[in-house]
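Features from TrEMBL:
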type: SIGNAL; residues: 1-19; note: signal peptide
type: DOMAIN; residues: 39-101; note: domain 'Chitin-binding type-2'
type: DISULFID; residues: Cys119-Cys131; note: disulfide bond
type: DISULFID; residues: Cys126-Cys144; note: disulfide bond
type: DISULFID; residues: Cys138-Cys153; note: disulfide bond
type: DOMAIN; residues: 195-260; note: domain 'NodB homology'
Amino acid sequence: MAKLFVVFAILATAATASADRVRRQAATEEPKKEESFEKELCKDKDAGEWFRLVAGEGDNCRDVIQCTSSGLQAIRCPAGLYFDIEKQTCDWKESVKNCKSKNKERRVKPLLHTDEPLCQDGFLACGDGNCIERGLFCNGEKDCSDGSDENTCDIDNDPNRAPPCDPTVCVLPDCFCSEDGTSIPGDLPAKDVPMMITITFDDAINNNNIDLYKEIFKGRKNPNGCDIKATYFISHKYTNYSAVQETARKGHEIAVHSIT
């Protein structure tokens, strides 16, 4: 009887260990699947490009995602707006005609990085292999026959961008390097840095956004206890002037964006 109990105990222990191994394996496989899915989504996307997971009208046309160094980032356009996949911005519903498109049109890229040089010094290769002067890239005009010289012009890939800041050459008090613009000169503690923040908003104030504006300032104060104020650059079209009057009554500054 004792031997039989020992056999059952061994079998139970083995089963538990096996179940633990399965759980651990499943736990490690799940992140790998997510990483593989994200890699597949982002493999042909440009830096900063927004795209849809699901095409179609309604909320599908409001939702877009973007590949970043820290993973996928999602946004949803406010009510009444759709995301224009070509303009890469939210716009009025009636102005957006590409809700059925998941990605913006793929553009031919120049051949900037190749194993062997394709062009002589001072020249770079278009997407079709033809060489043009380096200075013609990202100048606002399409000089390549395929237009590829204007298709890779973000700050990371523009061949004519300024060189990286060299902290051994750029020194205080005349110069300071900050890769992302968030470093404080001289490593001064954030609590000791005087700060002035200007808050501005553009375009119409109406029923689509007035509640959001109220929520932004609700319960928030300056360090001196005063209410936080903003400047609104108002455009005439779609504006509810009763909402503008209420905004001004609360002490916010009203400026003219456009009347036409």
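Please read every residue number as a count from 1 along the shown chain.
Placed from the backbone N, Cα and C atoms, the Cβ positions cover glycine too.
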Same chain only, sequence gap of 6 or more: which residues have a CB within under 8 Å of the CB of Cys144 (disulfide bond)?
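Once residues fewer than 6 apart are set aside, Cys144 (disulfide bond) is near Pro110, Cys126, Gly127, Asp128, Asn130, Ile132.
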Please identify which of Cys119, Cys126, Cys131, Cys138, Cys153 has the densest Cβ environment, defined as other Cβ atoms within 10 Å, among these disulfide-bonded residues.
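Output for this query is Cys126.
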Provide, as an integer number of angstrom, the distance between the C-alpha atoms of Cys138 (disulfide bond) and Cys131 (disulfide bond).
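So the alpha carbons of Cys138 (disulfide bond) and Cys131 (disulfide bond) sit roughly 14 Å from each other.
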Sort the residues of the domain 'Chitin-binding type-2' (39-101) into helix, strand and coil with DSSP and give the three counts.
11 helix, 22 strand, 30 coil
What's the CA-CA gap between Cys153 (disulfide bond) and Cys131 (disulfide bond) in angstrom, rounded?
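Answer for this pair: 17 Å between alpha carbons.
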